[in-house]
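This report refers to the structure that appears directly beneath it.
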Amino acid sequence: MVYHTLSGVRFPCAHSAYKSPSTFHGARRSAGLSLFFKKQPFSWKIFAGKSSYDSDSSNLTVTTSEKVLVPGVEAVDTPPSTDQSGSPATASEHTQVVEDTESLTMEDEQSVEDEEKQVVVDSLNEPVSIPIPKPKPRVIPPPGSGQKVYEIDPSLTGFRQHLDFRYAQYKKIREAIDKYEGGLEAFSRGYEKFGFTHSETGITYREWAPGAKWAALIGDFNNWNPNSDVMTRNEFGIWEIFLPNNADGSPAIPHGSRVKIRMDTPSGIKDSIPAWIKFAVQAPGEIPYSGIYYDPPGEEKYIFKHPQPKKPKSLRIYESHVGMSSTEPIINTYANFRDDVLPRIKRLGYNAVQIMAIQEHSYYASFGYHVTNFFAPSSRFGTPDDLKSLIDRAHELGLLVLMDIVHSHSSNNTLDGLNMFDGTDSHYFHSGSRGYHWMWDSRLFNYGSWEVLRFLLSNARWWLEEYKFDGFRFDGVTSMMYTHHGLQVAFTGNYNEYFGYATDVDALVYLMLVNDMIHGLFPEAVVIGEDVSGMPTFCIPVQDGGVGFDYRLHMAIADKWIEILKKRDEDWRMGDIVHTLTNRRWLEKCVSYAESHDQALVGDKTIAFWLMDKDMYDFMALDRPSTSTIDRGIALHKMIRLITIALGGEGYLNFMGNEFGHPEWIDFPRADQHLPNGKVVLGNNFSYDKCRRRFDLGDADYLRYRGMQEFDQAMQHLEETYGFMTTDHQYISRKDEGDRIIVFERGNLVFVFNFHWTSSYSDYRVGCYKPGKYKIVLDSDDPLFGGFGRIDHTSEFFTSQEGWYNDRPRSFMVYSPCRTAVVYALVDNPSEPVKE
């Protein structure tokens, strides 16, 4: 989502969709409704136990009418849970450990003598007995002491009361989940109980809607008759119905049928899409979406063929949006992205793809951030199995697939979203003003509610388990962690801003729980949090007292570049650039980026457009003379990207198209908007012209975009070769405001940046740590990259014995042209390394 980090204000990319049909402003889909009717049922094993819920957390909302525990009051044992037949559920049903057989490799095999054997037939039609490795159980470790944060950052000791309280709340909820749900592992499998579950004998549908007074399941399967399949309610507000198979054994609800739940609520009769629906579509001529019962027969289900890649040491992320990934002004598909875009990402040298707008959202122009159906992949781009095929292909290419997941808020829609689902505004969300985000026009989750925890934890696990995503970028975490949501707040780094009454402890505890669950069950998963505030402990493991993210998205860097680009070259400050790039917390990893999708949305411009503006329309062809604006823009564009990846963090992110300086902006198809204050925001007549990616520009060998793309590819492969983002050795030896020179070391590389607009320097001495011979491994002035070729790449550089220079024990002489970045690599090291 869009932030303005200088003021702490986060701006939405678009208003949300409708609250009712009369106020809907989204684009209507013209594609036909795809149905998937089949006769043969597919058998699922379900976990049918009904649990009762409680906790001794003061902020935890419990879905039982019998009691709510408060601090200092002992818990009262709840009644035994029952399965769908009414029989008491055994403890083993709640503590069953999920076994992961698909992620095992040959290295995991142990004691083949004890393993089961499977008889297969080889190519010579001879029976062969092969061992089946025993699966390893996946477990979530118990909470730790939560005290290591004070060793990592002793200044946190002054806020021990707050941090210890936060950790105590986390432990209390973990203990309650262990007691009443059989542990976090079982609790995070809510999708096996709620929504639609298919057994050998029929289909069970469950929904938590405590505000409803009556409920019935309706859909194509019963001609939308509300009297046909009336549901029953238990004491926890959970509605349920079981539909036995038809006489011929076929399921009562055919695959592909439209379904909804009709409820009599405090707000009147309403039809809603099931909250746990796995697929939702918009039928032709209709405004709200319809839930789809998606359960294809076994032979039609996509089967993953390729193992998930291991987590890389350094993360190079290609941020992307499936819908706008075509060169044509259309909504692209999962299949086209799989076949056309994934190979491009691999060729460019990235090792991960982050995909936006996966969770279903009825308003396309929300960029996927106003989610309506949290368990359903967007139907605009294809079917759930199409998405699985995309992810499997990425794994075949060795690419991690990260999902841009939205748990920070929900769409304000009442017909196809969670808002007012059971007729109350306090169902999944806080009631009143606390549950409404006035800047985003969306609803805010109540993270202290037991069933909200189940819903969101299960949602995160669903995408990892069912679709084999390799991790997440959690959107809008700053909004979650503070009751003011970061709005109109300028974070200065004062610890009182992070640990006080403005901190939403319930939300932080949820983040700790979800990170605990992800890292316990999916050790190779990568979890990134979008935080602009700089919350301390954000990327410290949960057991040590932290929030538990692997990386923080370093949002301040992109905003700093926009701030700098608005200034004259003479006003750029080398120290300011370096400080912003390196200003991150010790032992807390960051993903840096020069620009993401935020910087390209309507109202802003890409870095390339800031640098070159209208000249990009007329002077990017190689057969036409360039201009000083184009020459400056191309040179600085390369330098900005290189210094960001080199100094900005332990990971790097690029939004698709920015690798070659994508011109113009992003504008989703939209109609005019009539605001409550009477103002009208003009739309674009539902145009897709600016909602696509012109990859053809970067591929054209007759355009200057090609050189900018070649440089990005070289930059990614340089990091792959030398691993400079994650090296322990980093030293900035020069920030010269007069010469406009920045020199620093990362690993065995020496980076020299000359930001001066006219001055080039011969025999310029740069300091280094390790003695020996150096060579040029990347030169932004290379003609291949659209440069002027002013540097001889055959030159060799030997360190001198003249003693210390710029606080470095060695140095060598270079030629540094204006507006050029050059990277030197150590070739050999004949003498012993010099101690710092």
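A Cβ is built for glycine as well, from the same backbone N, Cα and C atoms used for every other residue.
What TrEMBL says about a protein is an automatic prediction, not a curated fact.
Some features that TrEMBL has for this protein:
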- Asp475: active site, nucleophile (ACT_SITE)
- Glu530: active site, proton donor (ACT_SITE)
- 79-95: compositional bias 'Polar residues' (COMPBIAS)
- 99-116: compositional bias 'Acidic residues' (COMPBIAS)
- 332-692: domain 'Glycosyl hydrolase family 13 catalytic' (DOMAIN)
- 73-118: region 'Disordered' (REGION)
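Looking only at the domain 'Glycosyl hydrolase family 13 catalytic' (332-692), the predicted model's pLDDT averages out at 95.
The separation of Asp475 (active site, nucleophile) from Glu530 (active site, proton donor), Cα to Cα, is 5 Å. Other C-beta atoms found within 10 angstroms of the C-beta of Asp475 (active site, nucleophile) number 23, with every protein chain shown included. Neighbours of Glu530 (active site, proton donor), defined as other CB atoms within 10 A of its CB across all chains, total 23.
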